[in-house]
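Trainee: If you look up TrEMBL, you'll see 1-27 marked as signal peptide. According to TrEMBL, the domain 'Plant heme peroxidase family profile' annotation covers 31-336. Per TrEMBL, disulfide bond is recorded for C41-C121, C74-C79, C127-C332, C206-C238. TrEMBL lists H72 with the feature active site, proton acceptor. Annotation source TrEMBL lists substrate binding site at P169. The heme b binding site annotation in TrEMBL covers H199. Here TrEMBL flags T200, D252, T255, D260 as Ca(2+) 2 binding site.
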Amino acid sequence: MDPSFTSKSLLHVLLILGFLGATRLHAHDPPLTLDYYASTCPTVFDIVRKEMECAVISEPRNAAMIVRLHFHDCFVQGCDGSILLDDTVTLRGEKKAANNINSLKGSGIVDKIKNMIESECPGVVSCADILTIAARDAVILVGGPYWDVPVGRKDSVTANVDLANTNLPTPEESLLSIIAKFLYQGLSVTDMVALAGAHTIGMAQCKNFRSRIYGDFESTSLKNPISESHLSSLRSVCPPVGGGDNNITAMDYMTPNLFDNSFYQLLINGEGLLNSDQEMYSSLFGIETRELVKKYAADPLAFFQQFSESMVKMGNITNSESFITGEIRKNCRFVNT
């Protein structure tokens, strides 16, 4: 057992696991294959890649947006495209959940890819698969690793805003609580630390890091001119009171548009922007996570390898119900009529 867990900590995790929603999903070996579209839509990977190249060249931030969209999809009902559904009279989508509202972008990119694929292979490729492939290509296009993407997902005909509010980790959440949310999905502590590395290309809103930069940032960070200057810069972006909630800044200020391991080096320096990220290194309960942060900070290849494996594992969290009741949406924003 992870030595950072006391019996009280374990009880805390088990309690959280008990309250994380009615539908329990696990990362396992689903009925997904690498050649699922080999005969029905052989150009699917090329189309996604070409459209993602255009999207990332025009705006490098699009890479992080697509990766985040995929993550928020998989943690709610599995990777079933439910995150892409808009609200209708009969369906309440997940986009307005507390963890998603005003911070989920990238749906327009998926729409564009979907339109291109529909013109080539109508009614064949799911929106869930498009988003999963696009997330892989997004990472590659900003310098990250390659991995093979198993495909064959179906699109759900439902969404679950309550699970979106419950299952997704939040920036102010404790380390143990976030570990519990990953374990609930069948993902390990190692997966959690590796997947958090996607923050190397992410942006954060002021409301999600205000308490950190006016709280313990000074006590965790190194006392040097660079760190002090960075903190002053963060505070100028994010005032303590009086608005600015949606002002944004990079989570990795060293190389914000490059997928690398500098995110972990920032954590070692005590400069993690989000409290939930810094906790992986600084928390009293972070014995295992601290060692992983140090490992990935020192060894970019180890980080790339684990990130690739963990992304496949997360992408394999399927919605078993969608294989029975699911569909191939014509428009990713709406269930077929």
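Backbone N, Cα and C atoms are what each Cβ position is placed from, and that goes for glycine too.
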Trainee: At the Cα level, what's the spacing in Å between C238 (disulfide bond) and D260 (Ca(2+) 2 binding site), rounded?
Mentor: 26
Trainee: Quick one: which of these recorded positions, H72, C121, H199, T200, C206, D252, have their CA within 10 A of C79 (disulfide bond)?
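Mentor: Matched recorded positions: H72, sequence order.
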Trainee: Between C-alpha atoms, which of these recorded positions comes nearest to the residue listed as 'active site, proton acceptor': C41, C127, P169, C332?
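Mentor: Spatially nearest to the residue listed as 'active site, proton acceptor' by Cα position is P169.
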Trainee: Neighbours of the Ca(2+) 2 site T200, D252, T255, D260: Cβ within 8 Å of the Cβ centroid, same chain, sequence order.
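Mentor: Sorted by sequence, the hits are I201, M254, P256, L258, F259, N261, S262, F263.
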Trainee: Given the disulfide-bonded residues C79, C206, C238, which one is most crowded in terms of C-beta atoms within 10 angstroms?
Mentor: C79
Trainee: What is the one among the binding-site residues T200, T255 whose Cβ has the most other Cβ atoms less than or equal to 10 Å away?
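Mentor: By the 10 Å Cβ neighbour count, T200 comes out on top.
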Trainee: Let me check the 10 A CB neighbour count of C332 (disulfide bond). How many other CB atoms are there?
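Mentor: There are 22 of them.
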Trainee: Considering every residue in the domain 'Plant heme peroxidase family profile' (31-336), what is the mean pLDDT value?
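Mentor: The predicted confidence over the domain 'Plant heme peroxidase family profile' (31-336), as a mean pLDDT, is 95.
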Trainee: Which of these binding-site residues is closest to C41 (disulfide bond) if you go by CA atoms: P169, D252, D260?
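Mentor: Comparing Cα positions, the closest of these binding-site residues turns out to be D260.
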